[in-house]
Amino acid sequence: GGEGQSLALPLGKGPHQVGCMDVMVGHTQQGLFFRLFYPCLPRAGAQQPLWIPRREYCSVLGSAAQCAWRWLVPLISLTLGSCRVPVSWNGPFKPCSSGYPLIIFSHGLGAFRTLYSSVCLELASWGFVVASLEHRDHSACTTYFCTAEAGREEWIPYQEVPQGQKEFYFRKQQIHQRAEECVRALRLFQDISSGKSVPNVLQQDFDLSVLQDSIDVTKVAAMGHSFGGVTAVLALVKEPSFRCAVALDAWMFPLESSLYQEVPRPVLFINTEQFQTPESVAKMKRLSSRNSQTKIITILGSVHQSHTDLTFLTGRLLSHIFGVRGTLDPYKCLDITSRAALAFLQRHLNLEEDFSQWDKLLEGIGDSLVPGAPFSRSHL
């Protein structure tokens, strides 16, 4: 993408138009908050939602993320404040008698529910319902819930590792809370499917009961990036209804070693070239040695932020300064990521689509792709 087109998110390439809405359930921190991406019917004059849902997210995005981003904040407000997601806001849901498969998506540290809109809307365009959670374990750049008192919001700020506490224990606590939120999100869709009334606190003119007969809650995957990637792996341990996980550049550090034997389902690890360490990859390999269906592939020329929307939204110059874009074209990176994910999901959710055309990606065969991790390749 040239400089001109690089400040917008790409449209989905699948056959469906994509709608999107925010869902908040419950009036306490124990509730749930997510952005839902789903196949929708075309609607004239459809409104597109802002990428940064509210001003509050702008002001903290920098402080929660790497120091390099702090300089980005005034710039984010200027350029990204007006950026919109190319989906139909609260667009009419497109019913599906066979039921769409479901993906529960978990964000990385210091992120929020819309930071992965490009990959979520891409998957929705291929016929998935995708719930992109905003976690309440103090790992989101900020988030909030609406108390029972009308109009009152309580904000949950990002939290650094408390001084004197070992990072492993702090993060371990967080991923358990996050994985439990993934399980609660799945339960919520099971409730909707069984006909229970689930009120959306955000009072939008969209009744969740329209999803009732159109989601196949037996075909569910967990997915996430970085801290969210390891969250998706842990969700498999906590809930057997998750049939597989797709982990984008997973940060494996917080997963207790005792849990490796417990991961019952296959995982697709899609790594970037710059982020992983030999220790992290060794952990992934422990999982793949236990399950022949677990795959590890690496996208060459990609960096850790290549899986986020920032790779599309910062323009070439800035993305190099802030390291949010590798040498690989971001559109190509998204293509590889989504196609590999679709092939993997087809295989493990037993879908009847033609996503198996991309099976070779799962073996690391393809342009800008290698099997395993780059430093595990022989340098002879």
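First residue shown is number 1, and so on along the chain.
Using N, Cα and C of the backbone, Cβ positions are placed for all residues, glycine too.
What TrEMBL says about a protein is an automatic prediction, not a curated fact.
Positions annotated as active site, nucleophile by TrEMBL: Ser226.
The feature active site, charge relay system is assigned by TrEMBL to Asp249 (among others). Neighbour density for Asp249 (active site, charge relay system): within 10 A of its CB lie 29 other CB atoms from the protein chains shown.
Look at TrEMBL and you will find His304 (among others) tagged as active site, charge relay system.
Of all Cβ atoms in the shown protein chains, 24 besides its own fall within 10 Å of the Cβ of Ser226 (active site, nucleophile). Taking Cβ-Cβ distances under 8 Å and a sequence separation of 6 or more, the neighbours of His304 (active site, charge relay system) in its chain are Ser226, Asp249, Thr272, Gln274, Phe275.
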